[in-house]
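Sequence annotations record features per position, and here TrEMBL assigns active site, for EPSP synthase activity to CYS897. Residues or ranges marked as NAD(+) binding site by TrEMBL: 42-44, 85-88, 116-118, ASP121, 141-142, LYS163, 181-184, ASN192. According to TrEMBL, the feature domain '3-dehydroquinate synthase N-terminal' maps to 79-191. As annotated by TrEMBL, domain '3-dehydroquinate synthase C-terminal' applies to 193-361. TrEMBL lists 460-909 with the feature domain 'Enolpyruvate transferase'. Taken from TrEMBL, the feature domain 'Shikimate dehydrogenase substrate binding N-terminal' applies to 1373-1454. Summarising the annotation, TrEMBL assigns domain 'Quinate/shikimate 5-dehydrogenase/glutamyl-tRNA reductase' to 1495-1558. Per TrEMBL, the feature domain 'SDH C-terminal' maps to 1622-1652. Per TrEMBL, transmembrane segment is recorded for 110-131.
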Amino acid sequence: MSVQKISILGKESIHVGFNLVQHISDTLLDTLPSSTYVLITDTNIAPLYLQPIAATFALATDARFPNKSDPARPRFLTYTIPPGETTKTREGKAEIEDFLLRHRCTRDTVIIALGGGVIGDLVGFVAATFMRGVRVVQVPTSLLAMVDSSIGGKTAVDAPLGKNLIGAFWQPSYIFVDAAFLRTLPVRELANGLAEVIKTAAIWDETAFALLEANSSTLLTCLSSSSPALDLNHPLLTLIISSINTKATIVSRDPREAHLRGLVNFGHSIGHAIEALVTPYVLHGECISVGMVLEAELARAAGVLGQVSLGRLRRCIESYGLPSTLSDKRILEAEKRIVATGGQPISVDTLLDRMSVDKKNAGKLKRVVLLERIGKTRELRATGVADEDIRKVLCPAVRVVAGTPGTYAKPPLPPPMLELPDADPTQLSGPVPNAQIAQVSSATSAPSRKAATDIPHITLSTPGSKSISNRALVLAALCKGTCRLKNLLHSDDTQVMMAALEQLKAATFTWTDNGETLVVTGSGGALSVPPPGTQLYLGNAGTAARFLTTVCTIVSPPNTTDTSRAETTTITGNARMKQRPIAPLVTALRGAGATIGYLESEGCLPLSIKPLGRLPGGTLTLDASLSSQYVSSILLCAPYAAQPTTLVLTGPAVISQLYIDMTIELMRDFGIEVTRERDAASGDLLNVYHIPRGTYRAPESGEFVIESDASSATYPLAIAAITGTRCTLANIGSSSLQGDARFAKEVLEPMGCEVVQTETETTVTGPPKGKLRARGEVDMEPMTDAFLTACAVAAVATDGGVGEGAESGEGKNVTRIRGIANQRVKECNRIQAMIDQLAKFGISTRELPDGLEVYGRPLPQLTRGASIHCYDDHRVAMAFAVLATVVDGTILEEKRCVEKTWPNWWDDLENKLGVKVEGVQLPEPAKTVRTSPAPKTPETIPSILLVGMRGSGKTYIGELAAQALSLPLLDFDAEFSRVYQQPLRSFVLERGWAEFRKAEITLLLELMKAHARGWVVSLGGGIVETLEAREALKKYAKAGGCVVWVQREPEEIERYLESETERPAYGEPVRAVLERRAPWFEECANYVFGNHTALPGGASALGSGALEAEVSRFFGHISGLRPNLVSTNANRSYFLSLTYPDVAPALPKIPELTTGVDAVELRADLLHESGLQIPSPSYVSTQLFALRRATTLPIVFTVRTVSQGGAFPDDAPVEAGKLLKLALRLGVEYVDVETTLPAPLILDIVSLKGPSHIVASFHDWTGSVKWDSVAMKAQYEAAAQIGDVVKLISKANSVSDNFKLQDFVAKVAIASKPLIAINMGAAGQLSRVLNTTLTPVTHPLLPTAAAPGQMSVSDIHRALHLIGLLPARRFFLFGSPIARSPSPTLHNTGFAALGLPHTYGLLEGESITDETRAILASPDFGGASVTIPLKLDIMSVLDGFTAAATTIGAVNTIIPCQSPDANKPRLLLGDNTDYLGIIGAIHAVSPGLRAPGSALVLGAGGTARAAVYALHTLGTKQIYLYNRTHSKATAIAEAFSSIPVRVLDKLGNWPAGAPSVVISTVPADATTIETGPGFESKVYLPPNLLDASTKGVVVDMAYKPAETPLLALTKRIAPTWATVPGVEVLLEQGYAQFEHWTGRRCPREIVREKVLQWYNA
């Protein structure tokens, strides 16, 4: 066993090796004697290592103390704690200390911390304070802890305001770093630790950094279970030792973090702030990786760090799969989850706020470690940096402050500390500068300036050419041997290219000359297919995508027995890259024998490319009219063909010939001579190229210098032109290979600039500001990328012109740019981009077939403060930055897009060009504003698409859904017939199914655009038959739309289709069609609606009303218009736990079973399907469908596992996950997700929840997890991260356990997550009484209770009353006459059913008396009903009124409310529930009725006012009002002036269509359906009052008789209409009163039965 010992603080206490368990035991027993050794670990590590360590320690102890009774024989104790940051608290520390005290540990105790950083920090702090300090030994098991947290003696626990804020420095006696522990570490955790290794190398050791750059694949794969033990020379151990050496050196010089030790916080200042916002979804090392890049950007912005070093750092980080930006999908996904559960989003202000709570800060200055280069920092401590500078780095956008270049110099940084106080340089092993080194400037030298009267003159070099860099990388990689590339562009594009070439084994890359030179060791063309599952992700790098497409064809085919290599190479990119064309190149390569497939859209990435080994050669034909990169791609790879290649270019015109010439010139530099054919007669060059076979070789010097980027050079030159200053660029001149080098001479000079250009240098001097001349017409085909810069300059090029001749294009302000048609298919449509964004400045343009015209305007006329969308296009951003230098306040969004070609553009603009740049946080309301989202409206929701077999009832369900949501319905088949002017059946018969499918997908895509929001669309049954349609539907669902699969039994579909003749026959059995399509429906739909006709327990026989109610609930919930969730405003809520193996027996009892509850729990684990241990998804679906027909209450769907107290097998998490996801697809409102399920499965379920809520649950059936323990707090934290509701269940062994539970609830109450916290068992019933959120309850009618100690709702209410939490209240009816009122029966029956201690009585009187006032003032007054004649009089003694009472003008309900005024603790609120009674009665018979077209109200009294208000609340578009006394009706219409009320002179005359709702508010004996003598004084109800051809609702407010004339008329002439007698309205308004007063749903069925008994008596 080899052990490397490292000294820290003068002692060799760090031991590094592989398989050190025996060494650890021996070392401790021999050199650290103790009476007690205590090993503390967590529940993740204990199963892996606790037993072997304990066994080894016992053997070692036996060897030294063979006599077990020897008093000197030490004890070996172990203690296991929950894992994770939630344990690292003051409470967690106290638990460990209590354990040590219980076991009589003394001051000679040695504590061993076995685990990651959490264990090390926590246990170290315990050791620092226990008995005023005991010895501690760190045995880190994660790479992060090995190289960082275990070294240096920092110990701490977290506090609510931040991490590690309470702790101490306490040096461990030993640190044992055993790399064998890393074998069980997941790859993500390994990379997490390597982030700290990268950090240490970046600040201290460039050699180690180079080792990291060269060994990413080795380091991530060297610790598999089958790999051999690692020796000390292995790269991983070498790096671990290097990191430890560095930190040990730093800690030895600065043990208490006074200065030097601050360097190890590189990346942590920003990284910790990020981590605080995205824990636990993003790991520490991942956050620090982003922090390192951002802090390196801060150093670059300060002029301290060069782009080369920053590029190396970023590339190294990304090579280990670590994030490097805040836009990384892991960060964004974590943020989304955190915000969804009530956490803070990531914003600049939030990050700065988090950074302000940092121990390193010096007052208001935040201390950040600034790199100077790889392996060296600016100074020997962190540097104080202003918030403004940090903000600029963090912000996603920038604002350019207009001004003269060269006149702004940023404030300097504080002077650096270049030597340590009393330093002895010999003790420092790293590259520490000494005191003689000149102070590093805080920024790049100020731009060179002339005398005040001279023109400011800027001199600089631009980054290396992107075009040449990418070509040079391919050429060098295909070389045999080594080539040194200098001035390589460090950008996103080149990093993408290098990463892809490495994955193809085309080359290896190393850096020399402090990162200024890239050493490429090429493979000579011997390339390999990447491993299976690997994709070459190219972002939006078009050059890389096109070059690598051909490169991938010459990859060597894998050996047939080599399973480590895939059969094809897949290249892909971001969304924009997937739109950019590549078809001409693919077509040409296919013609040459390559096998290339499109994986998504035809003609675009992603591609699947089969390796050929080499192209066959011969003649290739290529359409080169779209992009010269296609040509260059084939040219670069052609030398590796089997025979010489002739490339023939076709198309209308070859685009960008200069770039083709550039490729040929570079190939010549690397030893391959390409010849271009000439016409024998005329001598003209032809578009035919001959490429010989051969292998590239490096230039004779061994190095290749990349000239500066000519496209990038246009920006500083244009700034000089537009600002009237001078700029000189080195390394770009007339000898350049790049077409854009012509820009200065051919564009700027004719515009009035003075241009001096040598072979290697270009100088531009602009005319006085505002004096640029419009260019007129210019052909920019040789320099297409520069056209954007030309547009920016042209925007202010008028030379006094103000727009004359603009219409004809001949004015003095016109610049006409041609030859740039290919710019429409670049990173964006650049021509359109310039047109749209120039318009924000007030600049007019005109698009041309191959370009555009720009009409310049004088500077003062341009719009200031424009916010420019950059389309993620570097050229757009930098071009508008040019214009921003003269138009103040211009904001450039997506600032990071410049990283494609000039990553440090914004820094150079400020530091080198002397133009100030500010950071801007763009407003993101949906992301940063934490207020409740605006309510959804029918017009704004994404349209609902219905799919399913023909005959499944899509159209009918669609009609009900459209009615319920007040949306229009579009039937796809009808729309198809309308669009194609013939019935669908005849279309298929005439043109065939293939043509129909083409037309169908075309129409689908058009409808998805034209009807994207606010529709219900019933699609054709075969819409899923085409791949394109399925992809469109899946994309729509993934983007948040609702695609609903309407299901019906196959037998019913077959029966229907046998008789259906309107649509074409399938030509195959219906069952075969259904079986083929079912998986496609499943794949495309994110929701399923069960329109079954045969459900268990007679659920189908509940009638159309039950189906309408379920349609209304289902679509209201999934659309988000009416989420069917339990009110969060309720004082208490309950759910009934159903315990039936089959819900069928429960269905008839559901109204009684659900008395008083707010939701119903379906225990899927208790369902029993014959012959199966686990119920199938289809069985569970049927059970849910049946239950849905019996109740519209929210459902809590639970799959309780055995270990959590249920019946579902613990070893079937996949099956549990399928059922939980199924529940979400079925529109279940609450899904119970156990926190013990696998984390990836939990996150998958949470991501699918939509409008439904997750109940994150943990059940401890033994009571071993105490409420006051860290373990329970950890369970709460874990559940709160994933759940909308947290459910924690334990067991009470005594009544006192309930008090501990209440203490726990009080402590976490500020977390704002609804909490179900309950103790099981008889002793825990008090906790059920005190729980307020979704308490699980049982009912006497259930076969069993779902859990021990479960109570009914009435039991809980009675208990609450007995303990004083539910005092008895008195309720009254005020009015006269009231002796025969059913209200006492209604309310007292409800109180009794729910176990409420209240009473309801009568107070008869015709006026407000002293007795009335005394009752209202009584402390036990609970509320009152008010009837005639007091509905108006009562208003004088009330404190306020609802909108309904105010509008209707009367009060029928008094509600006592809590007052915000301490001097008046209670307010009396007047309400009017008559309108609610009307609405409730209508919905009881027509659940889906919403927004009737028109409705009629008969009468003009107080009840008529309530009816008008009810209809208005329903959304009725036209309300008719009829009364025999016309003036009274007119008075009501005038009172409701904002509502569309029309007074009728005669019934049966309907100006806006016949009514679908009729409400009579006149006494029954005042109406008649008879005519003739004796009936003249009554209101005649004519037969045409009701439209018998439709469905509608009639409400007669009269209580007696049971059948009024109106109801009799309805029964006779409109039997399809639903009728509502007055007693039902009375009941509904009473239900509303009951709920207002008690906060509980009224037990309707029980109350209704009692009231109807009274009514019929």
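Yeah, the Cβs are placed from backbone N, Cα and C, and that goes for glycine too.
Remember, TrEMBL labels are computer predictions, not curated facts.
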*At least three Cβ pairs under 8 Å linking the domain 'Shikimate dehydrogenase substrate binding N-terminal' (1373-1454) and the domain 'SDH C-terminal' (1622-1652), pairs spaced 6 or more in sequence?*
yes
_Which sequence-distant residues neighbour the transmembrane segment (110-131)? Criterion: at least 6 residues beyond either end, Cβ under 8 Å._
28, 32, 34, 36-42, 44-45, 49-50, 53, 81, 83-85, 87-88, 92-93, 96-97, 100, 137-142, 144-145, 148-150, 153-157, 164, 166-170, 172-173, 284
_To the nearest Å, how far is the Cα of LEU182 (NAD(+) binding site) from the Cα of CYS897 (active site, for EPSP synthase activity)?_
38
*Looking only at VAL118, LEU182, the binding-site residues on record, which one has the least crowded Cβ, with the fewest other Cβ atoms within 10 Å?*
LEU182
*Please spell out the DSSP helix, strand and coil residue counts for the domain '3-dehydroquinate synthase N-terminal' (79-191).*
50 helix, 34 strand, 29 coil
_What are the sequence-distant neighbours of CYS897 (active site, for EPSP synthase activity), meaning same chain, six or more residues apart, C-beta distance under 8 angstroms?_
CYS870, TYR871, ASP872, ASP873, HIS874, VAL876, ALA877
_Among all protein chains shown, how many Cβ atoms are found within 10 Å of the Cβ of GLU85 (NAD(+) binding site), not counting that one?_
20
*Of ASP42, LYS88, SER142, ASN192, the binding-site residues given in the record, which has the fewest other CB atoms within 10 A of its CB?*
ASP42
*asked:* Can you break down the domain 'Quinate/shikimate 5-dehydrogenase/glutamyl-tRNA reductase' (1495-1558) into helix, strand and coil residue counts using DSSP?
replied: 23 helix, 14 strand, 27 coil
*Using DSSP, how many residues of the domain 'SDH C-terminal' (1622-1652) fall into helix, strand and coil, respectively?*
26 helix, 0 strand, 5 coil
*pLDDT averaged over the residues of the domain '3-dehydroquinate synthase C-terminal' (193-361)*: 89
_Counting by DSSP secondary structure, give me helix, strand and coil numbers for the domain 'Shikimate dehydrogenase substrate binding N-terminal' (1373-1454)._
31 helix, 19 strand, 32 coil
